[in-house]
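K.L.:
Not my notes, these are from TrEMBL:
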type     : residues : note
DOMAIN   : 25-509   : domain 'Major facilitator superfamily (MFS) profile'
TRANSMEM : 20-46    : transmembrane segment
TRANSMEM : 66-89    : transmembrane segment
TRANSMEM : 101-120  : transmembrane segment
TRANSMEM : 126-144  : transmembrane segment
TRANSMEM : 165-191  : transmembrane segment
TRANSMEM : 214-233  : transmembrane segment
TRANSMEM : 350-368  : transmembrane segment
TRANSMEM : 374-393  : transmembrane segment
TRANSMEM : 405-424  : transmembrane segment
TRANSMEM : 444-465  : transmembrane segment
TRANSMEM : 486-504  : transmembrane segment
Amino acid sequence: MVKGQQLEVLNALDVAKTQWYHFTAIVIAGMGFFTDAYDLFCISLLTKLLGRIYYDVPGASKPGALPINVSAAVSGVALCGTLAGQLFFGWLGDKMGRKKVYGITLVMMVAMSIASGLSFGSTAKSVMTTLCFFRFWLGFGVGGDYPLSATIMSEYANKKTRGSFIAAVFAMQGMGILAGGIVSLIVSSAFEAKFKPPPFKVNAVASLPSECDYIWRIVLMFGAIPAATTYYWRMQMPETARYTALVAKDAKQAASDMSKVLKVQIDAEEEKVDKIAKSERNQFGLFTKQFARQYGLRLLGTTSTWFLLDIAFYSQNLFQKDLFSSIGWIPPAADMNAIREVYMVARAQTLIALCGTVPGYWFTVAFIDVIGRWWIQMMGFFFMTVFMFAIAFPYKYWQQKENRIGFIIMYGLTFFFANFGPNATTFVVPAEVFPARLRSTCHGISAATGKAGAIIGAFGFVYASQEKDPAKRDHGYPAGIGKSKSLIVLGVINFLGMVCTLMVPESKGKSLEELAGEVEIDEVDDERKESA
């Protein structure tokens, strides 16, 4: 292939100074991600309330709780939907274009958020079934947002700050988790102030006012608002130039769209687009030997690291219960009324998000284009391994009251380095290292593999972490290997993440076409343009 065959329209995007449209793109893609996180994580704040409302046993000494299978279904069904959505919409984004599919996922998220809050039925089973049905399709829409948000942002960004821009979109996940906690706090405070129910042990019936049923519905339906507000702006965004030029092969449209966005005159270069399109390196599909030879190792790297990371990341709930009870953040269930319990769980989650979760994301945004993706990922996995082992081996020591501050610090650092580490970089890299015609598909495959890890982390380890002693086990669960051994296994998983990171290429400071090997770029010529 001829050197210097980078299209002018793509080069203009690569060397563009950071401008207003970059921030618009971050906000539009970021609000989608904000909604994703809100929708996926807010359910964990509400499961205890659902147990009290729908599985209350009159005369029991403890408040009602969701049975194991129902709890797993309510919490996990959205993750299963997300996995399916990532694969389907990732593929569709390369077939129909990023913008069109982006609109579909958004409409789906808005409709299903509202439908989840309207879950109906005459029995507990029917309400939970309809809730699970709507949350599966909500997850399906959320799944489409992963590959599309990442791909759109990477295709709009310039070379210098592309990592920070994609990471900023991902950092909105932290803000979404935070928003879930804050909305739950506000709603539960308002209801408690109005109805003032007594604790369960004082009056079991009065501790659960019938109006409690509105709380979880309001919290779930609120997820529709941020998504709906960005719909208009999403539809105003032009299709990315990389899709229009390299996949749809419409040079004129790409030049015209980006001339408006960048406010400069760009030539269409139709001959060059034809030449690139006809090149052998831009012909082969996903299931070909040539793809396996050129991108197979990369895809194995991006899928395996995301898979291993999500096992560890989603199993964090294992020691959250111990953490919260040991430091007295959440009193025993019988000491609280139903609304107060929502408030206390939301308060604990919000504090964790503020101190451990959110800062890590923004550290990645600040340093990803300085240190590079590879080093941040390697460092994150390394420290997660260290801290998981440091919690696991002396687990009995951390359980003692006087050592609880150390336990909180260790716990916080584990998740700080997940977010200032592989949780962010596994999202960024797949949007950079594959060719335009397969970029969204490969990101979707990587993300879906990650979600498979999340399902193992969230459910497999709930069973694995149960103690041998029946008195220490959660009600209804069989014996597992215990928390301490589970943490050792998670430490080993993080170490494997370090090993698999060796298959992931560094993408800092290079153009997308150079990374994907779609065109050979005359770097001297490129630098000359940049300095001009």
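The backbone N, Cα and C atoms fix where each Cβ goes, glycine too.
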K.L.:
Mind pulling out the one from 66-89, 126-144, 214-233, 350-368, 374-393 with the most Cβ pairs under 8 angstroms to the transmembrane segment (165-191)?
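P.N.:
Answer is 350-368, with the largest number of Cβ pairs below 8 Å.
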K.L.:
Considering every residue in the domain 'Major facilitator superfamily (MFS) profile' (25-509), what is the mean pLDDT value?
P.N.:
91
K.L.:
By a Cβ-Cβ criterion of under 8 Å, what residues six or more beyond either terminus of the transmembrane segment (66-89) are in contact with it?
P.N.:
39-40, 43-44, 47, 50-51, 54-55, 101, 104-105, 128, 131-132, 135-148, 440, 444-445, 447-448, 451-452, 454-455, 458-459, 462, 476-477
K.L.:
Taking 3+ C-beta pairs under 8 angstroms (sequence gap of 6 or more) as contact, is the transmembrane segment (20-46) in contact with the transmembrane segment (444-465)?
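P.N.:
Result for the transmembrane segment (20-46) with the transmembrane segment (444-465) is no.
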K.L.:
Count the Cβ pairs between the transmembrane segment (374-393) and the transmembrane segment (126-144) that lie under 8 angstroms and are 6 or more residues apart in sequence, then report whether there are at least 3.
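P.N.:
These two stretches do not touch.
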K.L.:
Kindly say whether the transmembrane segment (214-233) and the transmembrane segment (101-120) touch, using the definition of 3 or more Cβ pairs under 8 Å where each pair is 6 or more positions apart.
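P.N.:
Judged by the Cβ rule, the two regions touch, with the required three close pairs present.
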K.L.:
Are there residues at least 6 beyond the ends of the transmembrane segment (486-504) whose Cβ is under 8 Å from a Cβ of it, and what are they?
P.N.:
297-298, 300-302, 304-305, 308-309, 311-312, 315, 318-319, 373-374, 377-378, 381-382, 384-385, 388-389, 391-393, 395, 422, 429, 461, 464-465, 480
K.L.:
Using a Cβ-Cβ cut-off of under 8 Å, list the residues of the same chain that are 6+ residues beyond the ends of the transmembrane segment (126-144) and lie near it.
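P.N.:
Same-chain residues near the transmembrane segment (126-144) but 6 or more away: 35-36, 39-40, 43, 50, 54, 70, 73-74, 77-90, 92-93, 101-102, 104-109, 112-113, 115-116, 119-120, 223, 444, 447-448, 451.
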